[in-house]
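Single-structure report; data block below.
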Amino acid sequence: MTKCRRRRLHLSNIYAFKGRKSSFQEDHSHIGGPGFSRVVYCNEPNSPAAERRNYTGNYVRSTKYTPASFIPKSLFEQFRRVANFYFLVTGILSLTSLSPYSPISALLPLTFVIAASMVKEAIEDWGRKKQDIEMNNRKVKVHDGNGKFRREGWRNLKVGDIVIQNSTDPPSKRSRIERKMDKIIYLMFGVVFLMSFIGSIVFGIETREDRVRNGGRTERWYLRPDEADIFFDPDRAPMAAIYHFFTAVMLYSYFIPISLYVSIEIVKVLQSVFINNDILMYYEENDKPAHARTSNLNEELGMVDTILSDKTGTLTCNSMEFIKCSIAGTAYGRGITEVERSMAMRSNGSNLVGEDLDVVVDQSGPKIKGFNFQDERVMKGNWVKQRDAAVLQKFFRLLAVCHTAIPETDEATGSVSYEAESPDEAAFVVAAREFGFEFFSRTQNGISFRELDLASGKTVERVYRLLNVLEFNSARKRMSVIVRDEDGRLLLLSKGADNVMFERLAKNGRKFEEKTREHVNEYADAGLRTLILAYREVDENEYIEFSKNFNEAKNSVTADRESLIDEITDQMERNLILLGATAVEDKLQNGVPDCIDKLAQAGIKIWVLTGDKMETAINIGFACSLLRQEMKQIIINLETPHIKALEKAGGKDEIEQASRESVVKQMEEGKALLTASRSASSHEAFALIIDGKSLTYALEDDFKKKFLDLATGCASVICCRSSPKQKALVTRLVKSGTGKTTLAIGDGANDVGMLQEADIGVGISGVEGMQAVMSSDIAIAQFRYLERLLLVHGHWCYSRISSMICYFFYKNITFGVTVFLYEAYTSFSAQPAYNDWFLSLFNVFFSSLPVIALGVFDQDVSARYCYKFPLLYQEGVQNLLFSWKRIIGWMFNGVFTALAIFFLCKESLKHQIYNPNGKTAGREILGGTMYTCVVWVVNLQMALAISYFTWLQHIVIWGSVAFWYIFLMIYGAIAPSFSTDAYKVFIEALAPAPSYWLTTLFVMFFALIPFFVFKSVQMRFFPGYHQMIQWIRYEGHSNDPEFVEMVRQRSIRPTTVGFTARRAASVRRSGRFHDQLNKNFIAF
């Protein structure tokens, strides 16, 4: 007979939402779906019942590859790139007789490029693996079932333990430049196929007509048509043309830069190294450097049009401090918040501190984390002297009891610290302790705390039996506990958002409602996060009925399970008696207003997506300069009397319809304001502020375009009371609707969807864990580092990558067109102009290192000027440096350069006797001369394109040219069976001939003159913004304040945000703005 084991009561029983064993059998297929729960055996993760459910583990993996999948998956990633696949096909074709060059010369460079890319992928993935190892080996405290906690590795946690972590596969992101680069590759494919097609037709015609024109004899006897199976055979000209097409496709493959992708990847990795090691983005306090978790999006950092930011922990510190409270209608707390200081400045210095200014504030004593409260009326036990001491006692008891925090007592000092689910929760229990109500112990069914007894005046220990915890969630917006005190009374203690708590008050529980509402509004105006505290006594029979119904609802497996639970808890959390309100401050991070101001000057739009109430978000917006006094606020909410009346009357469908119509109407009215302002050529700036309820309807498919049109016309957008899903949906709407680059930044798990949805996700390594960082593309420690990340590193990366790609296509078109022209010169006979290894190594050794150095080290302007002239950033937002105009311009430059090289070399060597023996220049001499000119010209072109020379760039540019000569001598010294027509060509033919050196010199000069003239004219008469800034440096105007300010005026926009815009608006109001602006432009 098997003995039934009675389950012990575990710590998790403090949660009333604990899943119990349900009545259904082993069919769990619906679990996790709508209306169904997940069966969890709390604190018994190894029980047979739990093991049968085959729960997933807690191992976190953010890597892209595993040891088993690396080679196949990485090869797939490499050959999904169209250029690499093309070279794979041409490499295979090189094994056939169609190939114009040897197979090894085609396959070896491809192998090198693919291997280098795979090594880069492995290095980056190993970095992610190390971060995963660090995360999985972190220690957390897990309850062992005996009222104690043990330290356990993160990876070893199981379903049923108190702490659970989820990981999701990161989305695959590609930059806009890389996607556009694919289009250029396709364009080049089209050019290659068109050239091959035209050449094949000409070749077929020439082959057919060869014998006809010469009366049966072949004119091109040197091609040995009689020995050819198909090629050059006049009797089989159509097939010869078809075969020529495939040969030409291989020959013209040098139009496509084989080393483009691997060079860009190398550059991006090195750029990421600079970002990671930038000391100016290192947060010493937490030992947190910047960390580019992927290098694929570096250039996107210079193209950001819209930033979507979380507030708590991102703009603010997420280090909550209990600073004020309202108890029994009396406001306590004398602290001044940053928002209040900002408000005082907006109201010309008016004092916004509350009443009772004669109260003495004691600022002595050490700083207590989470507690910044100053008011002697309630500190040090003085609360007992207050008129409503009994209410204050209930208020402080609620703070000490209504939570899920875990206490830790230092055995050496006896001091108590707390581990809480959120910084708010920790601040509340710390505040209770400082008021004299010290929570010090939690058991499976009880909470112990010390308090000052009103009757005896001594500190006593009290134990409340904990029956249920009704947890906080984003839908309930409140948390409650049901406890039994030492007198046997049943108490419901509750705290929650004001918009759900005030409506739950009993008629006899509203004594302090008016004053409390007034104080809550004041606290919200001061940028504080508020909660309402209330309680009621519960009848025994009522609790028995509640417990029965609640357990039945929890064990239900019907589709309406969640609604049943909500209904039961909703009935219990009513008829409450108001005690007061708490106010905690989440301070702005250092440098946030300055950073926002600089980003705004750069033309970047900033949206804030927060779960805070509207008043709090608005005032934080003022504090960080997202909003200013002159802005017209377009506020969209559902706080109208009509909607409130419908909510009280019920009728879900009627409420939804009325809400939808109200939101649409408000959006249309806001759009009308924007249109009227534009038509009047007004400088007015608008801010859109919308709450979560309204956002639900604004994001519907029928109305989201209207919402986006309205939002993009405003200088600032603040979405309040937003859920994590809404944050992700707004991000998706902005990204897809505008077609511009979006950046999302956040610090918590509720920001993960937003970070993954945006083009770039930036995680703040703050106090809310590592989920945001693990899901991000780049991690930084403080919001203020975004300024340097975007304006400096972002601009540099965008400028470098853009110039690098343009140059790559320039040099390959230059090289490829010379190959094409030579083949055309030889009647499209598929004869390459250069030796096989000359062809293969051009992109790998003789022209790649300078372009890599350009991508890593070049600076069109210095970091100091990036800060001084933030409008420079708009070059990336508008994609001016990688526009089709600029790309095509570089391509035409390559075509002209190739024409100059080919015809000048051909004509200069055409009728010359090249050596004393009377030998004329053959293919090897013409090809060697042309190749030398190509190497010199493309490297000199690089020297002209560089804005910022370093010693390393000098080494790679002149070293590439020198390496060509060294290679030519070494390769030419190898036996002719390997070096073929390059055997001693430099030593015996090229170097001794003065015409070789003179031709090289003349071609260099002639080929580069057009670019030099074009850049000089552009720089002098049609400068871009970065060129204007370069002139400031070159002409010595950097210390001329008038000239610098004149250029900077172009970066100040009347409708933007930030304190600079606030100052500009003040100047405009004084009437001096336009005069000054006109004076500056006249001087310019």
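Using N, Cα and C of the backbone, Cβ positions are placed for all residues, glycine too.
Automatic, uncurated: that is what TrEMBL annotation is.
TrEMBL has this to say about the protein:
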| type | residues | note |
| --- | --- | --- |
| DOMAIN | 40-106 | domain 'P-type ATPase N-terminal' |
| DOMAIN | 773-1023 | domain 'P-type ATPase C-terminal' |
| TRANSMEM | 184-205 | transmembrane segment |
| TRANSMEM | 241-262 | transmembrane segment |
| TRANSMEM | 808-825 | transmembrane segment |
| TRANSMEM | 837-857 | transmembrane segment |
| TRANSMEM | 887-905 | transmembrane segment |
| TRANSMEM | 925-948 | transmembrane segment |
| TRANSMEM | 955-974 | transmembrane segment |
| TRANSMEM | 994-1014 | transmembrane segment |
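Within its own chain, the transmembrane segment (955-974) is flanked in space by residues 837, 841, 845-847, 849-850, 852-853, 928, 931-932, 935-936, 939, 942-943, 982-987, 990, which lie at least six positions past its ends and keep a Cβ under 8 Å from the stretch. Counting Cβ pairs under 8 Å to the transmembrane segment (887-905), the stretch among 241-262, 808-825, 925-948 with the most such contacts is 808-825. Contacts between the transmembrane segment (184-205) and the transmembrane segment (808-825): present, as 3 or more C-beta pairs lie under 8 angstroms, all at sequence separation of six or more. Within the chain carrying the transmembrane segment (808-825), a Cβ under 8 angstroms from the stretch's Cβ atoms is held by residues 184, 188, 195, 199, 202, 248, 251-252, 254-257, 260, 263, 831-834, 839, 842-843, 847, 851, 887, 890-891, 893-895, 897-899, 901-903, 906, 926-927, 930, 934, 937-938, 941, all 6 or more beyond its ends.
Long-range neighbours of the transmembrane segment (241-262) within the same chain, counting only residues 6 or more positions beyond its ends whose Cβ lies under 8 Å from a Cβ of the stretch, are 81, 83-84, 86-87, 90, 93-94, 98-101, 106, 109-110, 113, 116-117, 120, 181, 185, 188-189, 191-193, 195-197, 199-201, 203-204, 207, 230-231, 805, 808-809, 811-813, 815-816, 819-820, 823, 828, 830, 832, 839, 842-844, 848. The average pLDDT for the domain 'P-type ATPase C-terminal' (773-1023) in the predicted structure is 89.
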